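According to Swiss-Prot, the protein carries these features:
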BINDING   26, 30, 33  [4Fe-4S] cluster binding site
BINDING   32, 33, 34, 74  S-adenosyl-L-methionine binding site
């Protein structure tokens with residue numbers, strides 16, 4: 001997996017103070033997407049064990065309380081990203097108790113395959129659906145267009 005940007009302290013992409021990771025790779029290529037640079041799987045930089053360790057350390061840093069992590073992109077549920085996203089989410093569950101996990105994807109919940117559902121079964125919130133320019137609404141919270149759904153899973 002590759003990623004474009006990591007924010008160790010973020011107050012924009014989800015509730016509270018959190019970490020945010022923007023991964024590479026998106027098959028949806030939504031017109032009007034604000035993050036087109038993340039579409040190509042080979043763009044950005046490699047997601048390494050060192051980066052994963054940094055995320056875990058940041059989530060556990062007691063100097064800045066973080067509510068959790070937001071995973072966006074690109075698309076964290078792109079089939080080629082799922083193995084690394086699953087490993088990261090499993091590690092967060094094991095090593096960062098009480099942290100919530102939000103995932104943004106262009107897939108709808110009812111379109112997800114078994115591998116993608118392994119990730120979804122471990123997260124707190126899934127924001128699903130492609131961004132649709134004609135349905136864009138800046139007043140929406142945590143989503144860009146009105147067709148997207150915020151699923152509070154646990």
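Every residue gets a Cβ built from N, Cα and C, even glycine.
The structure displayed is predicted, hence computed values, not measured ones.
Feature annotations (Swiss-Prot) mapped to structure.
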| residue | record | CB count, 10 Å |
| --- | --- | --- |
| 26 | [4Fe-4S] cluster binding site | 24 |
| 30 | [4Fe-4S] cluster binding site | 18 |
| 32 | S-adenosyl-L-methionine binding site | 12 |
| 33 | [4Fe-4S] cluster binding site | 17 |
| 34 | S-adenosyl-L-methionine binding site | 9 |
| 74 | S-adenosyl-L-methionine binding site | 32 |
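Cα distances from residue 26 ([4Fe-4S] cluster binding site) to the binding-site residues 32, 34, 74 are smallest for 74. A straight line from the CA of residue 30 ([4Fe-4S] cluster binding site) to the CA of residue 74 (S-adenosyl-L-methionine binding site) spans 11 Å.
Of the chain residues outside the [4Fe-4S] cluster site list 26, 30, 33, 28, 29, 35, 36, 39, 75, 106, 130, 131 have their Cβ within 8 Å of the site's Cβ mean position. You'll find the Cα of residue 74 (S-adenosyl-L-methionine binding site) roughly 10 Å from the Cα of residue 33 ([4Fe-4S] cluster binding site). Taking the centroid of the Cβ atoms of 32, 33, 34, 74 as the S-adenosyl-L-methionine site, the other same-chain residues with Cβ within 8 Å of it are 26, 30, 35, 36, 38, 131.
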